[in-house]
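S.K.: I'd like to ask you about the structure that follows.
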Amino acid sequence: MAEIIEKSGLRWLWLAAIMLALDQVTKYWTIQSLDLYESYEIFSFFSFTYARNYGAAFSFLGDAGGWQRYLFTAIAIVVSSYLVYLLKKNASTDRWINCAYALILSGALGNVVDRMMFGYVIDFLDFDLGFYRWPTFNIADSAIFTGAVIMIFESFFAKQAKPIKQPKGNKNV
């Protein structure tokens, strides 16, 4: 088992564990330090604001009556299982894609923990530029976003395997 972890992308589970812990610690701080919808200004454009998200990204289906909690939890568990499978399948040297998978895994699990414990996701990172206010989010959301961006860049810039050259004269291609 140790050899599988060492040689595969499972070696990157440390990153998922650290990000999951950071997500949960910051959410714990939020619910212990702030009342619901209370804000603590850090900069004029950035605050910690305690909010509850009963839906998915941007509160999608947030007012659907409660069934969405189970749907989003099931989706996150399936995606997390698939990401662990991909990590196991990848070589440990595939750094960027393994990093992306680990970040997305940590974000999915961080929000699953909230949904299972509270029935909603705790959000607290609040950016207000005056002319535009971004929906409040959390460390787990940031990890998912960062992992997705890495995957996109990796798809554009990763070295592609060269096709196997067919011997000259072989027309059965």
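Using N, Cα and C of the backbone, Cβ positions are placed for all residues, glycine too.
Annotations per Swiss-Prot:
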type	residues	note
TRANSMEM	12-32	transmembrane segment
TRANSMEM	67-87	transmembrane segment
TRANSMEM	102-122	transmembrane segment
ACT_SITE	ASP123	active site
TRANSMEM	137-157	transmembrane segment
ACT_SITE	ASP141	active site
S.K.: At a 10 Å cut-off from the C-beta of ASP123 (active site), count the other C-beta atoms across all protein chains.
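M.R.: Summing over all protein chains shown, ASP123 (active site) has 23 other Cβ atoms within 10 Å.
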S.K.: Mind checking which residues reach the transmembrane segment (102-122)? Cβ under 8 Å, same chain, six or more beyond either end.
M.R.: 9, 12-13, 15-20, 23-24, 27, 30-31, 50-54, 66, 69, 72-73, 76-77, 79-80, 83-84, 87, 138-148, 150-151
S.K.: Near ASP141 (active site), how many other Cβ atoms are within 10 Å of its Cβ?
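M.R.: Result for ASP141 (active site): 21 neighbouring Cβ atoms inside 10 Å.
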S.K.: What's the CA-CA gap between ASP123 (active site) and ASP141 (active site) in angstrom, rounded?
M.R.: 9
S.K.: What kind of secondary structure is ASP123 (active site) part of, going by DSSP in three states?
M.R.: strand
